[in-house]
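S.K.: Supplied in structure tokens, the structure appears directly below.
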Amino acid sequence: MEQWESRGHLLTEQINPNSLNLDQLNPLELVDLFNREDAQTLKAIAMARQELALGISLTSQALAKGGRLFYIGAGTSGRLGVLDAAECPPTFCTPPELVQGIIAGGAAALVRSSEDLEDKAEDGAAIIAQREIHELDVVVGITAGGTTPYVHGALQAAKQRGATTIAISCVPAEQVEIAVDVDIRLLTGPELLAGSTRLKAGTVTKMALNILSTGTMVMLGKVYGNQMVDVAVTNHKLHDRALRIICHLTDVSREEAAILLEKSGRRVKLALLMQKTGLSAAAGQELLQKHRGQLRAALQAYNQID
């Protein structure tokens, strides 16, 4: 991609005038400078609020129809996608295939830098074919500088297969055009350490992924109030959290919550429905399935019948 050989014009590659004396600062001055610059991330998210909201809407609609969400990137961008995807099963009890993170170079690139692999657009296209991306899926390409061939190859291939495509980058559209359904631009300006996009660009990207995945799960009914009622109860900490969620939302004792949790097969959402309706685990599960796992909708339907 010869048009991208010179990258000095990109916002993420430019020199930050606020950090020209970076190597002369003492530790406290360094911390204060980073703190001031990181404030740009909040502004960038605010400026991209419409695109982020559209991304949530399209992604939740696709997943509700049986689609999957894929993050794809290289280097820091790829690692952030893998991280966000990995957090979905324990937080929302989703199957691991529902939200997947793909990084150029595979698992080895998570712990060892493999920057050269990002230059192969054909590899990005190949991974889309390998994962059998289809029209119900959503593919989020993450590239801070907007030019990563691996990501562009993946997005183009995904689009050809009819998938919904979303791009997350930290450069303005006039610098790099990305042909996608939702174009999220997170403009945090030049990095304190010139070109080191693991800094502000990485931070704001993680913020955007937090919003996109959590917002999608909220729309899918994985949350009740502000509680993670689909939490996977897989260790002592999460068992304690599950009990506290049940206690908070029902006012039962911790001992009663523990009994409910076991009767529900350690499914918090089902335990809540059982307590609030008096239904058996089987009947409660049937009602939840009828309402696509939406606890609030299931409760409203039960109360109308009752």
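Counting begins at 1 with the first residue displayed.
Placement of Cβ uses the backbone N, Cα and C atoms for every residue, glycine included.
Okay, so Swiss-Prot annotates it like this:
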- 59-222: domain 'SIS' (DOMAIN)
- E87: active site, proton donor (ACT_SITE)
- E118: active site (ACT_SITE)
S.K.: A 10 Å Cβ contact count, applied to the active-site residues E87, E118: which residue has the minimum?
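M.R.: The active-site residues E87, E118 were compared, and E87 has the fewest Cβ atoms within 10 Å.
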S.K.: Where the residue listed as 'active site, proton donor' and E118 (active site) are concerned, what is their Cα separation in Å, rounded?
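M.R.: Approximately 24 Å lies between the Cα of the residue listed as 'active site, proton donor' and that of E118 (active site).
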S.K.: Pop the mean pLDDT for the domain 'SIS' (59-222) in here, whole number is fine.
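M.R.: Mean pLDDT across the domain 'SIS' (59-222) comes out at 96.
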